[in-house]
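Q: This is the structure I have questions about; it appears just below.
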4 protein chains.
Amino acid sequence: MSEFERIETGLGEECGVFGAYDMDGGDVASSVYYGLFALQHRGQESCGIAVTDTYGKRKVLQKKGLGQIKDVFDEEELDKLKGNLGVGHVRYSTAGATRQENAQPLVINYVKGTLAIAHNGNLVNAIELREELAYTGAIFQTTIDSEVIAYLVARERLNVGKAEDAVKNAMKKIKGAYALVVSSPRKMIGARDPFGLKPLCIGKRDNTYFLASESCAIAAVGAEFVRDVLPGEIVSFTKHGVTSDKSMMISPDKQARCIFEYIYFARTDSRIDGVDVYHARLVAGKALAKSYPVEADLVVGVPDSGLVAAMGYSEESGIPYGMAFHKNSYVGRTFIKPRQKDRESSVKIKLNVISEVVKGKRIVMVDDSIVRGTTCANIIKMLKKAGATEVHVRISSPPFLHPCYFGTDVPSNDQLIAHSHTTQEICEMIGADSLGYMEVSKLKDMVGDMGFCDACFTGNYPMEVPDGDISMAFEEL
Amino acid sequence: MSEFERIETGLGEECGVFGAYDMDGGDVASSVYYGLFALQHRGQESCGIAVTDTYGKRKVLQKKGLGQIKDVFDEEELDKLKGNLGVGHVRYSTAGATRQENAQPLVINYVKGTLAIAHNGNLVNAIELREELAYTGAIFQTTIDSEVIAYLVARERLNVGKAEDAVKNAMKKIKGAYALVVSSPRKMIGARDPFGLKPLCIGKRDNTYFLASESCAIAAVGAEFVRDVLPGEIVSFTKHGVTSDKSMMISPDKQARCIFEYIYFARTDSRIDGVDVYHARLVAGKALAKSYPVEADLVVGVPDSGLVAAMGYSEESGIPYGMAFHKNSYVGRTFIKPRQKDRESSVKIKLNVISEVVKGKRIVMVDDSIVRGTTCANIIKMLKKAGATEVHVRISSPPFLHPCYFGTDVPSNDQLIAHSHTTQEICEMIGADSLGYMEVSKLKDMVGDMGFCDACFTGNYPMEVPDGDISMAFEEL
Amino acid sequence: MSEFERIETGLGEECGVFGAYDMDGGDVASSVYYGLFALQHRGQESCGIAVTDTYGKRKVLQKKGLGQIKDVFDEEELDKLKGNLGVGHVRYSTAGATRQENAQPLVINYVKGTLAIAHNGNLVNAIELREELAYTGAIFQTTIDSEVIAYLVARERLNVGKAEDAVKNAMKKIKGAYALVVSSPRKMIGARDPFGLKPLCIGKRDNTYFLASESCAIAAVGAEFVRDVLPGEIVSFTKHGVTSDKSMMISPDKQARCIFEYIYFARTDSRIDGVDVYHARLVAGKALAKSYPVEADLVVGVPDSGLVAAMGYSEESGIPYGMAFHKNSYVGRTFIKPRQKDRESSVKIKLNVISEVVKGKRIVMVDDSIVRGTTCANIIKMLKKAGATEVHVRISSPPFLHPCYFGTDVPSNDQLIAHSHTTQEICEMIGADSLGYMEVSKLKDMVGDMGFCDACFTGNYPMEVPDGDISMAFEEL
Amino acid sequence: MSEFERIETGLGEECGVFGAYDMDGGDVASSVYYGLFALQHRGQESCGIAVTDTYGKRKVLQKKGLGQIKDVFDEEELDKLKGNLGVGHVRYSTAGATRQENAQPLVINYVKGTLAIAHNGNLVNAIELREELAYTGAIFQTTIDSEVIAYLVARERLNVGKAEDAVKNAMKKIKGAYALVVSSPRKMIGARDPFGLKPLCIGKRDNTYFLASESCAIAAVGAEFVRDVLPGEIVSFTKHGVTSDKSMMISPDKQARCIFEYIYFARTDSRIDGVDVYHARLVAGKALAKSYPVEADLVVGVPDSGLVAAMGYSEESGIPYGMAFHKNSYVGRTFIKPRQKDRESSVKIKLNVISEVVKGKRIVMVDDSIVRGTTCANIIKMLKKAGATEVHVRISSPPFLHPCYFGTDVPSNDQLIAHSHTTQEICEMIGADSLGYMEVSKLKDMVGDMGFCDACFTGNYPMEVPDGDISMAFEEL
């Protein structure tokens, strides 16, 4: 799937999280702003920043809104967010469930003061937990899992002396995927689910600590990458320093990092759990070259996420790499999509073929996935019209066959071409001369020894998952 | 205080509430919209509408925003709010506490479905209740009392079979002023605190029932006024009809309607608890004429709230009534106020004297209140400059001396001129030739036999009140 | 016609103009802002301010936009408009012709520098002039007459030494109604058409001179009213002082001030050409009482423009004056009007009857005009429903029968109830118990000795007028 | 200069133009919208669309605004622009001169009806022409050259029978760079200055003809590229077909296409005057490899405009090509730039180095230009910090040394590092290990036999140019 197909077909990640804590008491809102900018690819539906002054009134100031960072915040508002502890969030959401009240961070007052929670991921037992909470008098003002987590933390906090322990006790109850950044009145806490489904890492710049979904955000604020938060680890930052609680960790072979972070979600320049995303994609491209060699003149990638895998294919196969497409970078959410009565096509507006590059050539075209197949078919058509004599499609992920319960918004089965067609059929439907999907068995080459989750390809979920479409369930509650 | 002084000095009401329930299943959002329009004078800071389809999915759709009704809603959005049960709210707030998340109605999911709550008033025991709730694991996402009420209703609902009873049980715990409009999945509930501090009334149009803070909103939607909700009464509207629970009512002589509704807050065309606001103001003007007669040529009122009392003074005294001022109706919240460097004055821009009317005349000027005295002084100056030979000021309320704990936002003592000066001193400070305040003893003439609250003038609170400034307390929590 | 009927039926004035010139070099943008606020009733469609620094670069800075003053300008933008000479404009326009490019002031560069022109009125020979100009190579970027005037001034300026003389020579060519405020690089010029159809007056505050459509705007900026610009007079303000050119003046008995300024357009607190608007309306009310006496209990005015005439009727007849209506001041242009499917009526939302005042009474209701009759009929219905036993309607202007060619946007004949019905028929159609229109013969009592234009009632135009609808002609060109 | 340095340093093109004419009478506004999208890189300051219905009233409907296409137009507004002939424009402008009134297309009424003009380029004799026009009574409402062209066309049209001939006569008077798209009531006209400084081409889709600054816009609307408009040619499209007037053409060896279109302005996928932009950049990269060979491990391009030249360098040198940077595509004009007090750097937020790719390697970094040198220095620093052992900079254009008078907004000399420093000095200042600029003598390899303009590098202007900064001159007039 080319990147711009994302919005239309609905394959998406739920969130990006970012935290900053300046031990010297300086304001961090602008750092959170720039950190979120680097995570904007993880969600453009809504965003928010909540800050606390840990040396002052410890009151949370917040600003949230629908849209991208650059649209929600202006300089004046950023300046108002005074505080040395900040939590930020960008949220992806399908159109139907876009709601102002679901924007994060979630800021709550509870018995011990104020908490701001930013959460990336999805719980699989949220419905049960909500019901359980409701039966003891809880009320819910959003449809996001973060509210369940907030409740659990608030309730556990009544029994334990430290916010970190409340987070740990809450983690014992919740099941699913989560990377959390929490600000309590005096500390910043980061936590990652024991499977490590969602990424989270630590950065440092002078006396300011950062937490971020991806290392690219650490780089964006000019900080040094320190390390990844470990799957199941809870890290805590206070004026006294940094502490770590690893008691929730599980055996490494049970860990299940989302492989799709490497294939598609994460930025090319990020490094997650010791593996460069660039490297993983390069390896995927090489694997494709080994599995599906073909005689051709040029390897091209569909921008932007197919480019590195295409380089890998080129490197392995010896076929030259080229730039076949120009992507229009001005297209955004407010862009008016062509309607039935318009004569233009959405793909043409977003992507154009550079004829000079492809004409008369046999092309290997690498992309990261195929969802409905229509975009892919259109691109192949454009290549052939521009003079390509053959188009061999290589996809750097296996076919989607199973739903994700951990926060990746995979389209329903009837929209997935791979669900009801064989590779051969798909090849014909999209008009390719040959088609090769990444083999499941080779995914492990991308990430080395690490445990990872490939359930969307294999159905092998790392934990028990519910029946049915859980995201709808929340909305309906 | 002239009406336009309101925003600047901060004397204000907290809210207006409105509800509509169409037993035939028709959409009510537009009726709620027009109803709120008629209540806009009760709050321009934020507003919201939440609707439910009682015959369908019973899911709440909502839209809230900062600003006036006409700015927050457009036709498209109104059309999206499909449902035959709707709750609306307009909120007044001092600038400091303006927050998107404090806009109402508050919509919550709880164990029995969804509730939307619109609340006008202030609780005096909200802090204790919040603390109590927090100690059993409650989390708070706003700083409004309505959230406390929502929690109590949700928790009580676990023990009782009907939403009305949950409201009643919650009412047993909360203390203070409230007019509530609640929509549960299948019914609309209205409730008023036992003292009747805040108004609420019932209207009907065909098979649609309405609840509104003031009868003017009932008229605005073309409905018939049915009756007031009684102090302490709970009314419930379902497809089976209307029920009433009066078990929370207290003895009529303990009832304590806010006298300021009649003096200033309510619209001239509203009727509250059987007393026309117009009538009450006319009576107040007559009382002033009896208490403070003066030889003069013309009686004028400061627009808009001083006009009717001026007519009363004229009627009683036999001195002709005239229109001395033109009020600029285009000034609103986004208006840029004159700054130090500007040569214009705020009063001049909003109000102009019609010289022809006042020149060479001895004027009786009636207004509803004096807060800081500066506006009043400016108006007197303008009148004299326009040729008035004498200006006798008559104020249709006694001097403010005590804070209100029930939702009226009275400025702090140091801003209240009456707090540190005698009437004679104030008279001199504002440049009037004489000054007379409504006598406390005559307030009862305005409203007849009804019990009313005059605590802001007398300090006689109808219930125990906390020490200190409670509104700040909430923010600080 | 009640004031709020204005937008719906389309009776409207074209503009308000304002100018400020600070001889001491101080910035005037904020004064122009506040001056325009006082003229906002003359047009809410678009507005603009253009300023020049006569002691600096003499470059014009401008800001124009659609909507009201308070919506178009914010503090930051106002501060950017540095200059001691400013021209402002508010524009009324029917919906169809709303265009950003027609907003005024019109700012042009020509051979002698920069001019900003604000114009109130309409030319009757604009089409001929445009054609003539076009045939010598002129291009037009707007559909407003002001552009024609600008061209003529620019061309004449090539032949004469002073901008005032260029204005004068242009005035010799244009025919129709105009009040002009012009800023040239070093001076402010005001001019009024020889008939005096549109008003313009002069004010002063220290060393700052003002020009304004109405004296209320002079008062709003805290300045002293100096005098009216005379019909046909050109006044010029430079650092050397004020000069006047009266050579274009015509005999006073030919002057033709728009009588509708006094009846409806101007603010009650303005004084135009020596006559107080308040006074004129009071006289009109008295005249109605003499022409159409009736036995009744109460005289009421339809807000806001009917109020003073109602007072006049009351004074003359001895029948008490009362306040029968509450007008909702929050309704504005962005308000969603009730649609067919809504059950509410537009009139009810904007206006409510105070039952207490009218019930059981015989009412004399005074309004300034009747356009289609529907609003009037609705109000009468509301009064009767509120208990009025009789409603006698008195209209403080004669029936509209003829189009205005001078800038007043009168609805077309088929919308004017008076065009096709007798007074008796109208009385029945609106459900009144009696109806009396101001007699044409008594209009002169309102304004004394002055020459005035009553062509919309009589067809006696002060100059030759074209056939057909000229406003459309411009659009079509 | 990396692409994102563009806004900050002010190197920019003035405009992109687009036209569409549907002979079958269908609406073209949406095609113009999509066409402008493909030209958005040529200007993001303001944009506009003007349409005419050649078979109907032939009235121009227009919409213009500040900002990008996607922000200025929404679906509703696009639908209102009914007409089968449309002209569109995107405008680049330095911040100081951003004005609503300078947005294009310029729509004028003149003696023969209505014209809409979209213009890309700059006239060198605009001041003289403006003065000349002003002395015959012209007034100017903008500071753009297009208004001068409009005047000339309008005046010439009085003497000739066809709009094309008026355009031709106007072309005889204007000197400078221009690509024009003009809609007259019944026809679409395209014209290009005799030197061909600015590009313009023709496309066709069924019976709809298109004109566009670049062929990528023809592709975006799904049309076939027909041919380029020739330098000096006037093409005209009516219901009777297409005509061409080549009488203004000059000898091919005098033609002077802007070489910067190939180096930087145009999109990689465009083809201008028979030369693919991709090809030209590839050739430039190869030329750099020949002129400045170096021993290295990897060639990388600065996104986006340096990428293709980097490929050319790689191809020629045999050094592998790699992707060293991730560019954040969410950064736009509303992005808050880091301030002094922020700790982040603008470059880091927009661009991140992929460490895995560069560490331990000797890098050849190709970019298209260097303006101030600061961005380049920052990028080199980032590369070295990421582990690059050497960074050899190759610039695919010669150093800027001379101002452009034809519409390219080159920073003033004191901002141009090349103006006051030798290549060796610059190399040291930016921290590069070596630095090579494209040689002027090799520019011709990029574009083949065509005549081109390289005045900004050589000072060899194709026509006489004025002294001083002409853009300022216009503003000051």
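For all residues, glycine too, the Cβ spot is worked out from N, Cα and C.
Pulled these features from TrEMBL for this protein:
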type: DOMAIN; residues: A:15-240; note: domain 'Glutamine amidotransferase type-2'
type: ACT_SITE; residues: A:Cys15; note: active site, nucleophile
type: BINDING; residues: A:Cys258, A:Cys404, A:Cys453, A:Cys456; note: [4Fe-4S] cluster binding site
type: BINDING; residues: A:Ser305, A:Asp367, A:Asp368; note: Mg(2+) binding site
Q: At the level of the C-alpha atoms, what whole-angstrom distance separates A:Cys456 ([4Fe-4S] cluster binding site) and A:Asp368 (Mg(2+) binding site)?
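A: Pair distance, Cα basis, whole Å: 14 Å.
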Q: Between A:Asp368 (Mg(2+) binding site) and A:Cys404 ([4Fe-4S] cluster binding site), how far is it from one CA atom to the other, in Å?
A: 17
Q: Neighbourhood of the [4Fe-4S] cluster site (A:Cys258, A:Cys404, A:Cys453, A:Cys456): other residues with Cβ within 8 Å of the Cβ centroid, in order?
A: A:Leu197, A:Ile259, A:Phe260, A:Phe406, A:Thr408, A:Asp454, A:Ala455
Q: Going by DSSP, is A:Cys453 ([4Fe-4S] cluster binding site) sitting in a helix, a strand, or coil?
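A: DSSP assigns A:Cys453 ([4Fe-4S] cluster binding site) to strand.
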Q: Within 10 Å of the Cβ of A:Cys453 ([4Fe-4S] cluster binding site), how many other Cβ atoms can be counted across all chains shown?
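A: I get 25 for this one.
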Q: Cα-Cα separation of A:Cys258 ([4Fe-4S] cluster binding site) and A:Asp367 (Mg(2+) binding site), in Å?
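A: On Cα coordinates alone, these residues lie 19 Å apart.
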Q: How far is it from A:Cys453 ([4Fe-4S] cluster binding site) to A:Ser305 (Mg(2+) binding site), counting Cα to Cα, in Å?
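A: Between the alpha carbons of A:Cys453 ([4Fe-4S] cluster binding site) and A:Ser305 (Mg(2+) binding site) there are 20 Å.
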Q: At the Cα level, what's the spacing in Å between A:Asp367 (Mg(2+) binding site) and A:Cys404 ([4Fe-4S] cluster binding site), rounded?
A: 21
Q: Hey, of the binding-site residues listed (A:Cys258, A:Cys404, A:Cys456), which one tops the CB count within 10 A?
A: A:Cys258
Q: Using all protein chains in view, find how many other C-beta atoms are within 10 Å of the C-beta of A:Asp368 (Mg(2+) binding site).
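A: By my count, 26.
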Q: C-alpha of A:Cys15 (active site, nucleophile) to C-alpha of A:Cys404 ([4Fe-4S] cluster binding site): distance in Å?
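A: Each residue's Cα considered, A:Cys15 (active site, nucleophile) and A:Cys404 ([4Fe-4S] cluster binding site) end up 15 Å apart.
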Q: What three-state class does DSSP give A:Cys404 ([4Fe-4S] cluster binding site)?
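A: Coil, per DSSP.
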